[in-house]
Amino acid sequence: MSIEDRISTVKEEIKQLKNEINLKKSNLSESSLRTLASDIPPLETSELVVRVHLTGHLGKVYGVHWAEDSNHIVSASQDGKVIVWDAQAQCKIHAIRLRSNWVMDCAFSPSMNLVACGGLDNLCTIYDLSQEEEGRINIYRELSSHTGYVSCCRFLDDQRIVTSSGDMSCILWDIESGSKITEFADHNGDVMSLDLKPGDTNTFASGACDATSKLWDLRSGTCEATFEGHQSDINSVQFFPDGNAFGTGSDDATCRLFDIRAGRELMEYTNDNILCGISSVAFSISGRLMFAGYDNFSVHVWDVLKGNDTAILEEHSNRVSCLGVSKDGMALVTGSWDKELKIWA
Amino acid sequence: MGNKQKKRKIQKKKQKEKNERINKSLQEGNNFEKEMKLLVLGTGDSGKSTFVKQAQILFKDGFDEKQREVFKQAIRNNLILHMKLLINGVYDFGLDLSKSNEKLAKRFLEISDRTQPDQQIAETISKLWEDSSVKEVFDRRSELQIPDTANYYLDAIDRIVEKNYRPTDKDIVFCRIPTTGINELKFSVQEHPWRIVDVGGQKSERRKWIHQFDDVSMIIYVVAMSEYDQNLYEDENINRMYESLELFDSIASNRIFTRTSIILVFNKMDIFEEKIKKTDPKICFKNYSGGCDFEKAKKYITKQFIKVVKTKRRKVFPFYTQAANSESIKKTFETIIETVLENSNI
């Protein structure tokens with residue numbers, strides 16, 4: 001048998017084994033989340049309304065992130081600018097000029113001193129907001145090592161940051177020295193998103209174009225668990241507030257909830273009318289709601305327990321590319337290709 | 001008014017002023033909305049970055065000293081890398097080096113890939129370059145991954161290793177540095193801001209970033225006309241021109257670019273002219289029957305690409321260039337600029 005034939009036979013075997021495992025798993029499960037939650041009364045939410053429109057970007061907004069004070073927001077746009085906003089005062093605090101326009105994500109450090117962004121230049125660039133010179137903020141560090149675009153970046157603290165990349169790996173960096181501490185390579189596709197586990201400084205989750213999400217150990221660099229289920233690229237990954245589960249959004253038009261302890265998918269959030277991909281997901285502070293940004297310009301608010309759509313927010317005039325819930329749970333910010341940011345409450 | 005209130009009022013005023021200043025700076029000095037963007041696409045080694053370098057020479061008065069320094073290092077380092085490829089080629093083809101060169105070669109292969117050649121290394125390279133087997137490998141370079149311009153630099157090694165060596169524009173244009181990430185150039189023509197972007201360095205899933213370029217004025221698709229008998233660096237079982245046709249197909253049929261004009265730049269025509277005398281394109285295109293005829297081959301290959309663009313509504317212009325011929329490049333750019341401005345009704 002030729003090598004190609006041997007590979008296809010083995011692939012078939014693997015597929016069959018996986019199906020058998022999944023069958024055994026579902027036979028063992030006592031119930032599904034949907035069934036268990038059927039007795040819970042449906043949520044009575046007040047309608048989410050846009051409270052603030054943040055305008056100023058001249059190009060598509062690709063990334064947005066709340067600061068820990070639940071008031072400042074950082075956003076990145078294709079116009080080559082990263083803007084730091086004061087949400088309550090509805091004004092701009094900083095406008096940083098990027099070296100490369102092609103940015104894909106941005107982030108605030110927990111201390112709010114640093115801001116990071118990454119994109120098609122394969123770099124993660126860090127800016128120190130406290131070092132403003134004549135109204136300009138210069139590059140503090142340029143983290144270079146990825147051989148593909150940087151899709152997402154999240155600070156552990158002012159000294160360390162984790163990035164995910166189109167080169168199929170994630171990297172933990174030491175910012176001061178600008179060097180790699182650990183490399184996380186196990187995905188078979190571009191890694192599109194990552195999220196740090198709340199209350200645990202040693203774990204993070206990633207989602208990739210190989211349709212899997214993985215949990216990683218920051219110290220050892222090993223992949224602790226892999227979650228399958230999605231049928232296409234996973235674009236966004238976000239931990240459930242208690243850190244024991246995480247939500248994902250994918251090009252397969254579904255969002256899913258994966259439980260870490262059960263090691264499996266708990267629920268799929270979709271319906272027949274949804275035919276486009278999800279770019280970003282975020283949980284409400286209680287975890288009862290999951291916000292998902294869609295390519296068809298809308299944001300859906302899913303009831304995490306019952307699995308249904310509780311609301312569809314349609315205010316953007318182009319794809320919703322990024323969103324986030326503030327730490328105090330009071331507001332949702334959405335960023336879109338329509339160049340605007342909107343804050344909802 | 002109490003002190004605290006006063007302070008807060010002043011703070012608020014400052015905040016507002018800063019906001020105004022930022023708003024102003026965002027509006028001015030940002031040509032983003034007026035910018036004409038050109039996206040350069042093509043498979044590896046087709047000549048995309050060379051195209052951008054030529055734009056730099058044409059529109060930005062060439063390269064500054066800092067850039068020249070970077071190229072100088074790369075050119076010198078390439079001397080070592082390319083000679084290593086040639087020597088390995090000798091072994092791969094089962095050829096023999098002369099006895100004295102055999103010893104030199106063994107020692108030479110142990111030099112680190114990141115070295116810059118000193119006098120001794122340069123002499124070694126010169127001697128090896130004169131070996132008939134090495135020359136034969138260079139002739140058969142299509143079977144390996146040896147760049148066509150390797151001989152240009154090896155012939156000029158004395159000039160290159162000289163202490164005061166300053167790379168000429170031609171040295172820079174021919175220099176092969178694989179692009180990583182993104183390579184772009186901003187320039188101004190007819191008082192208009194332009195930007196040419198080469199994303200050749202991304203080996204990742206195009207679908208995840210191609211939407212960043214959904215508003216480009218034109219796509220410049222570069223094809224090395226001479227690669228019809230070469231295989232990919234990434235996968236030696238795949239013919240480079242096939243790969244180029246496939247990529248072109250996926251770009252041309254991408255929903256994002258339904259209305260975008262495409263220009264086809266067939267590059268390395270000089271190398272093609274030499275190659276076509278000996279190698280029949282039948283090796284790549286089974287249905288081709290024109291033989292080793294330059295005009296027939298050129299026409300046939302062009303047709304293979306043009307027929308990929310199925311919608312008649314879309315305009316596809318073919319151009320033929322070669323790196324050293326600035327006239328052909330200039331003409332290509334002139335047409336690009338003319339077409340883009342025409343289509344945008346400016």
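Sequential numbering from 1, following the chain as shown.
Note: Cβ is positioned from N, Cα and C throughout, glycine not excepted.
Residues or ranges marked as coiled coil in TrEMBL: A:7-34. In the predicted model, the coiled coil (A:7-34) has a mean pLDDT of 86.
Residues or ranges marked as repeat 'WD' in TrEMBL: A:54-95 (among others).
Among residues of the same chain six or more beyond the repeat 'WD' (A:143-183), those with a C-beta under 8 A of the stretch's C-beta atoms are 102, 104-111, 113-114, 116-126, 189-196, 201, 204, 206, 208, 216, 218-221. Taken from TrEMBL, the feature repeat 'WD' covers A:143-183 (among others).
Marked as repeat 'WD' by TrEMBL: A:184-226 (among others).
Annotated repeat 'WD' per TrEMBL: A:227-268 (among others), in sequence order.
Residues or ranges marked as repeat 'WD' in TrEMBL: A:313-345 (among others).
Residues 148-149, 151-152, 154, 156, 162-172, 232-239, 241-243, 246, 248, 250, 252, 258, 260, 263 of the same chain sit 6 or more residues outside the repeat 'WD' (A:184-226) yet have a Cβ under 8 Å from a Cβ within it. Using a Cβ-Cβ cut-off under 8 Å and counting only residues 6 or more beyond its ends in the same chain, the repeat 'WD' (A:54-95) has close neighbours at 101-108, 110-112, 115, 117, 119, 127, 129, 132, 137, 318, 321-328, 330-331, 333-343.
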